[in-house]
Amino acid sequence: MLPYALPDLSINQPSPRQPITEEVSSPSDRTERERGREKITQSNTASSNSLDARELNVSVMTSQSPLIPLLVTLLSLGRFSSGQWGSLNERQVWPGGSVTLPCPVPAGSINGTSFEWLKESFAIAGTNTTTPNARVSTDKDYSLKIKNTTPQDSGIYTCVVSDAERRSEAPVRLTVGVSQTIITQDPGSVTGTEEGEVTLPCTLSRVGPPGPVIWYRDTGRGREYLYSTYPPLPNERNDPRVSLVHQNHRIDVSIRIVRLTLHDSGMYYCYKYRGFEETTIARGSGSSLSVQALPPPIITQDPGPVTGTEEGEVTLPCTLSTVGAAGPVRWYRGTLRDRQHLYSAAAPPPNERNDPRVSRVHPDHPTDLSIRIVRLTLHDSGTYYCDKYRGFDGSQIAGGTGTWLRVQGECVAL
């Protein structure tokens, strides 16, 4: 295959192909003065809207009559240069794609056949055209291949095939379309509850060119990446709580969000992109998500006192009325400035650590957060508080009334 260039029709254009003029001789038994002069001018000029027509202007002048103009319009199905025009072929391709334009070779073609591809009457490829361009090439069957198409490649391309006896033309209209994809999102507010789930709808009017649909949340300070239907870029990651409602649907790209938090409230936008060029094809109008807080759980503690002995162990009870929002339960000893972190059911706060002597009595129970303390010391005496926190921001949502622990010294036998 040989590479060829598409012309830039805006600058430095070569002259279009000139009209073909033929002199038609008169019968031999008439003198030139008797028969006058006959001239046929055949103009291979396209109409203003397309190349679907050819005009043949014939002027006949004799010594007996004035000039008589005759205009004959041959439509695309008419005969031209001994070749038959078929109906205009259409090809459509998305920007950035590849397309092959066919060139029908007349039956019975002989050796020495040559071909030429024209775009809007300018030669861009063919037997005698060698302008290199990596995007354009021809094949053995004379078809024209264009890759990495752009909207500027749109137009009518004509393949001209000729040999010693015949000349045929076949036009093809190429449309490099800009996507008319429309994204529909629910304009109303979608409401969810902490720890619940919601569905945010997004529907495409058409499949469009290859490329991801990406969901974002508007934080008020910019977009926050949420989810992509393609593998995310290295600096992005899909939220593990988010998934497509219909995994293999090509136009329904609605998402489901589970384990909601108050932080999830905001506007969500569905974008369609072309490839990985980050070229936006369409954008939804956005859906508003409002997440309501769960009622805070009620924490019950035994006010005490609970009594223990040095080197012994005690259990400090704490129960929640409901599981409530996601987040840890933490135990502290003391209040205000004397408050000391003792144990957290999840990772402890920064710069804190769990006391290795403390563990949960029922590690897998969702509402019983009672703890056991072993190897007691007199220093362990005090009031202990069981508090519930919200996971995503660390805010306290419920607190117990406290349990008083009194540790006694060991009795020494006399």
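Glycine too: its Cβ is placed from the backbone N, Cα and C atoms.
According to TrEMBL, the compositional bias 'Basic and acidic residues' annotation covers 29-40 (among others).
Marked as compositional bias 'Basic and acidic residues' by TrEMBL: 352-364 (among others). Among residues of the same chain six or more beyond the compositional bias 'Basic and acidic residues' (352-364), those with a C-beta under 8 A of the stretch's C-beta atoms are 315, 331, 341-345, 370-375.
Per TrEMBL, the feature domain 'Ig-like' maps to 69-175 (among others).
Under the heading domain 'Ig-like', TrEMBL lists 181-270 (among others).
Marked as domain 'Ig-like' by TrEMBL: 297-386 (among others). Residues of the domain 'Ig-like' (297-386) grouped by DSSP class, helix first, strand second and coil last, total 6 helix, 35 strand, 49 coil.
What TrEMBL lists as region 'Disordered' is 1-48 (among others).
The region 'Disordered' annotation in TrEMBL covers 343-364 (among others).
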Helix, strand and coil counts within the domain 'Ig-like' (181-270) (DSSP): 3 helix, 38 strand, 49 coil
